[in-house]
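Have a look at the structure below before the remarks.
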Amino acid sequence: MNRAPLKRSRILHMALMGASDPLGEAEAIKEKPFLLRALQITLVVSLYWVTSISMVFLNKYLLDSPSLQLDTPIFVTFYQCLVTTLLCKSLSTLAAFCPGAMDFPTLRLDLRVARSVLPLSVVFIGMITFNNLCLKYVGVAFYNVGRSLTTVFNVLLSYLLLKQTTSFYALLTCGIIIGGFWLGVDQEGAEGTLSWTGTLFGVLASLCVSLNAIYTKKVLPAVDGSIWRLTFYNNVNACVLFLPLLLLLGELQTLLNFSQLGSAHFWGMMTLGGLFGFAIGYVTGLQIKFTSPLTHNVSGTAKACAQTVLAVLYYEETKSFLWWTSNMMVLGGSSAYTWVRGWEMKKIQEEPSPKEDEKSSMGV
């Protein structure tokens, strides 16, 4: 009688703790009726879409809104990291006082662990800062194209750092992504809306996203494999490292002269941006747990397409056929890469090992 609820709590525990239990998850999914599974997946995917798209539009408002006229992108990023840090610590404290109410890892600041995570934190700072700077200088509609080279950098860094080669078909999909990126840049220039600064920040953001994935695997053992502990230490380190940047770039002085500094609306929007930044990590993990990594990537691609269309409609922009073609090339290339890599991994798993072949030939 209690088997299904226990399985559901295990899935939630895995999403929160960053653990992996595919067998338990598979059993839980099989035990649930089809309509219930379909409803859960629909809700989780919808939650991911709403959170991700809302975060992009809200950050665009905070970074480049004519009504705010606040030129402090580093402070906006710093504040979002601060909100994430406080949320992590608050949930950890709540879990300690109410152990039966929720599962969340115990978070205590250990300077040795913080130093171990520091190299990743530097990459993490670059990733979130360049993401926000890209969004500040380019439109939401071009944002996905501007930072679309993550897959290309993944392939390049895998070869340079890990000596891993990539198949011809995967390289072909990367070529499609690069072609879509350059066509998008060309069409933005033709329409007079191209920002080379924003495009450069987008390329740097793509590079940092790839480096972040590599360094995360190296650093996870230092935090006992917990994604939430890693999130906590990353954001604590980021808050400390952002402080001298705020002073050097003069953003604190700009903030002091900001006319809406005492506005409840401004701080409410800033805090909401931090909440979305915290939530995106949770809903991403939740979507992967209830679907699969492949489905998550497909969902992310579809979400990017919907986000682009919404941006064009919301800002009442008119785009050319070639501009839309560049977006389709980027999204299509990314989807094709995901499918190719998934097919290659499945093929490797299905191939029998040499020992098994030997046993089969001997009739054992």
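Even glycines carry a Cβ here, placed using N, Cα and C.
Just so you know, TrEMBL annotations are computer predictions that nobody has curated.
Your range for transmembrane segment, going by TrEMBL and the list 142-161, 302-321, is 142-161. Only sequence-distant pairs (6 or more apart) were considered; of these, at least three Cβ pairs between the transmembrane segment (266-286) and the transmembrane segment (34-57) are under 8 A, so the stretches are in contact. The listed stretches are 34-57, 197-215, 227-246; of these, 227-246 has the most Cβ pairs under 8 Å to the transmembrane segment (77-101). Nonlocal intrachain contacts for the transmembrane segment (142-161), taken as residues 6+ away from its ends with a CB within less than 8 angstroms of a stretch CB, comprise 56, 131, 134-135, 170-171, 173-174, 177-178, 180-181, 184-185, 188, 193, 198-199, 201-203, 205-207, 209-211, 213-214, 304, 307-308, 311, 326-327, 330-331, 333-334, 337.
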